[in-house]
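Below you'll find the structure, written out as structure tokens, and then a few comments.
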Amino acid sequence: MNGAAHARLILLRHGESEANAANRFTGSADPALTANGRGQADAVARQLLDRGIRPARIFRSTLRRCADTTAIVTAVTGSQDVPVIANLALNERDYGALTGLNKAEAADRYGVEQVLRWRRSYADAPPDGESLRDTAARVLAYHIHVMLPAIMQGGATLVVAHGNSLRALAMALDGIDALGVETFDIPTAGAILYEFAATTAILDRAIIS
Ligand SMILES: O=C(O)[C@@H](CO)OP(=O)(O)O
């Protein structure tokens, strides 16, 4: 790694939001964190600090629950001066017509099995919304093109995002398939730490014909 600091990646889901607490489909809605969610963000930041992790750079979604979680983490870890890059590619899966609906009421209306498929399957898209596969397409393009080269610069890269945008990313990083992802979930303020071995940055690109 040309002497650069050991490369680490931390995927962090935002703390509990007002919509999470009300058991509502959130998607691209923009609720604030609850007091509990702020406490969760504070607690996970302290755990990162206990492991000697101070982010060198942060990628986050454009939504408020990730902005607020990021602000808490940077305050606790003393990293307010690190670059924070916000991008729509990391936003939560668009839940379409389900956005704002109570999840229990949706199960009554559409059936438990259907709602579970919309929430956890790879390929089923909710009405007017994105499937996890749709979400993965944008998240992975952003990861390969923007985040991975930054990660390989070394130090700790923190990604603050959402239940489904992070499920999509973890599928690629952990090698989880379409069936396996149905039971894979990250709790609010849950974090996954990856250690990287070597650079995978693209130095040049040429079309050969
Ligand atoms: O409502 C949402 O946007 C997501 C994440 O909170 O919910 P689910 O876990 O049901 O995909």
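The backbone N, Cα and C atoms fix where each Cβ goes, glycine too.
What you see is a predicted model, and the numbers here were worked out from it, not measured in a lab.
Less than 8 angstroms from the CB of Arg13 (substrate binding site) sit Val160, Ala161, His162, Gly163, Leu166, Ile186, Pro187, Thr188, Ala189, Gly190, Ala191, each of them six or more residues away in the same chain. Annotated substrate binding site per TrEMBL: 13-20, 26-27, Arg65, 92-95, Lys103, 119-120, 163-164, in sequence order.
A C-beta separation below 8 Å, combined with a sequence spacing of at least six in one chain, links His14 (active site, tele-phosphohistidine intermediate) to Leu33, Gly37, Ala41, Leu63, Arg65, Cys66, Asp68, Thr69, Val160, Ala161, His162, Thr188, Ala189. Summarising the annotation, TrEMBL assigns active site, tele-phosphohistidine intermediate to His14.
The active site, proton donor/acceptor feature in TrEMBL is assigned to Glu92. The Cβ of Glu92 (active site, proton donor/acceptor) has Thr26, Gly27, Ser28, Ser61, Leu63, Ala161, His162, Gly163, Asn164, Ser165 as same-chain neighbours under 8 Å, each 6 or more residues away in sequence.
The site 'Transition state stabilizer' annotation in TrEMBL covers His162.
With a cut-off of under 6 Å between the Cβ and any atom of ligand 1, the recorded positions Arg13, His14, Glu16, Gly163 reduce to Gly163. There are 22 other CB atoms within 10 A of the CB of Gly27 (substrate binding site), with all protein chains counted. Residue density at His162 (site 'Transition state stabilizer'): 27 other Cβ atoms are found within 10 A of its Cβ, drawing on all protein chains shown.
In sequence order, Gly27, Gly129, Glu130, Ser131, Leu132, Asp134, Thr135, His162, Asn164, Ser165, Ala168 are the residues of the chain that are 6 or more apart from Arg93 (substrate binding site) and have a CB within less than 8 Å of its CB.
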